[in-house]
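*Asks:* Can you read through this structure? Questions will come right after.
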Amino acid sequence: MQFAPLLLGVFLLCGSARGSDSSASNAITCFTRGLDLRKETEDVLCPANCPLWQFYVFGDGIYASLSSVCGAAIHRGVITNAGGAVRVQTLPGQENYPAVHANGIQSQVLSRWASSFSVTPGTNNLALEAVGRSVATARPATGKRPKKTLEKKAGNKDCKADIAFLIDGSYNIGQRRFNLQKNFVGKVAVMLGIGTEGPHVGVVQASEHPKIEFYLKNFTAAKEVLFAIKELGFRGGNSNTGKALKHAAQKFFSMENGARKGIPKIIVVFLDGWPSDDLEEAGIVAREFGVNVFIVSVAKPTTEELGMVQDIGFIDKAVCRNNGFFSYQMPSWFGTTKYVKPLVQKLCSHEQMLCSKTCYNSVNIGFLIDGSSSVGESNFRLMLEFISNVAKAFEISDIGSKIATVQFTYDQRTEFSFTDYTTKEKVLSAIRNIRYMSGGTATGDAISFTTRNVFGPVKDGANKNFLVILTDGQSYDDVRGPAVAAQKAGITVFSVGVAWAPLDDLKDMASEPRESHTFFTREFTGLEQMVPDVIRGICKDFLDSKQ
């Protein structure tokens, strides 16, 4: 009988351990989410030393179920990063999960989710700690492997884009077609290849008032995005697409909300029928913010309905460019699978994103060309070919890059200013038609003239200003002072010398670092080889200015 208490104690200890398998001893990983748990109330054990910066937490007090359980527990103050026992209570979904910084974790905003959970201190701490020690390096006491969390994949690295799907949530589309629209958007999202190093997506719903459903930063896995799209609710109201587009262009693509530097910004606008408001102004705002707008129109107005449309040209005025690439039509929301791949191919065509703010479409380049007698007519033509080849690399438009040219001898002549031509074809034609002046060489006066009269009117614009000086000889006046003044006015100066142009003068005119802003060739035929270097120099300076 003396062994009975001992045996009873062993039995109770083992029974307690077995009981903890089903209720209190569920060891989880740092990234187990609320939706990974299957019980309404569950006691779990969080491990120690979780990387706080990797937690995804949505809400405060009540957390969306896609939040990390351990992250939420630390955020709430239930445990520290030393780990510990947590009781998780499943709750209904809700709207407007807030963003709050607490205990080293920044939770994120989420507009709506289907289920939630709360966290409180766990029970049976001693049993949990014992189990925790036994599974510190292997598996939980149940003998089962820990639940796998969603692996973050790199995604399609050939399709780097930040994309907002602006879906139609108006009464025009109705609940049934709204669900079909969500299915189509989900298919597009999957085919894009969403991932940490691939495309990131978010959703904005257009209705009476626009609503950002989730941001770029909220999800970087296709499964998460699919689930979030599935949970979107239909809002109803007028199809104020213009209002939603303007709101998205201004608010959606901030660095705080997940936008990435150097990645094209895209808004894909889904429109069932036609908008209730004006899209032209919204399109202008989007282009000013460097956003590439696509319009996917479904069930376009019939002939009888055209009288109800405010502006039948609303698509052409809203898209990034009216060249056919940015507009996409589907006859209905039924049988849309075949339209998924062509749309994805468009969205992944990085080189076609003409409205992104890049060095190619966000600069003003002024060419100051030497027309002195030492150049000669034939060499002057080679100089014009040089500036034409540089200009060809840039997207010239009324909202993009702009080109101006000044020819100088002792005098100066503005061949054309930044506002004279807004297409590449017209700029190249104007360059071809420049007539050789012949005369002396007063480069310093020409720099001052160009700074004042050519760059002066655009100094407060959005584009970055560049001056490329092309000369074949020594100036009769001072060049350093005027060049410094130009640089103080915000103009980056590149100097290109040919033949007898003194290297000291070229460096005196060039911006810092002078070595990378100074070019020289003995022969005029060597100018052609410098074209890529000058273009790269402009783009490097542009990118550096954006850091």
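Just so it is clear, glycine is given a Cβ too, placed from its N, Cα and C backbone atoms.
Pulled the feature table from Swiss-Prot, pasting it below:
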type	residues	note
SIGNAL	1-19	signal peptide
DOMAIN	24-117	domain 'LCCL'
DISULFID	CYS30-CYS46	disulfide bond
DISULFID	CYS50-CYS70	disulfide bond
DOMAIN	162-347	domain 'VWFA 1'
CARBOHYD	ASN218	N-linked glycosylation site
*Asks:* Quick one: DSSP breakdown of the domain 'LCCL' (24-117) into helix, strand and coil?
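*Replies:* When I sort the residues of the domain 'LCCL' (24-117) into the three classes, I find 14 helix, 45 strand, 35 coil.
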*Asks:* Given the disulfide-bonded residues CYS30, CYS46, CYS50, and counting only Cβ atoms in the protein chains shown, which has the most within 10 Å of its Cβ?
*Replies:* CYS46
*Asks:* Restricting to the chain of CYS70 (disulfide bond) and a gap of 6 or more, list residues whose Cβ falls under 8 Å of its Cβ, or answer none.
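*Replies:* ILE28, THR29, CYS30, PHE31, THR32, CYS46, PRO47, CYS50, PHE55, ILE79, GLY83, VAL86 - these are the non-local Cβ neighbours of CYS70 (disulfide bond), listed in sequence order.
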*Asks:* What is the number of other Cβ atoms found within 10 Å of the Cβ of ASN218 (N-linked glycosylation site)?
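*Replies:* So the Cβ neighbour count for ASN218 (N-linked glycosylation site) comes to 24.
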*Asks:* Give the mean pLDDT for the domain 'LCCL' (24-117) on the 0 to 100 scale.
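*Replies:* Taking every residue of the domain 'LCCL' (24-117) together, the mean pLDDT is 86.
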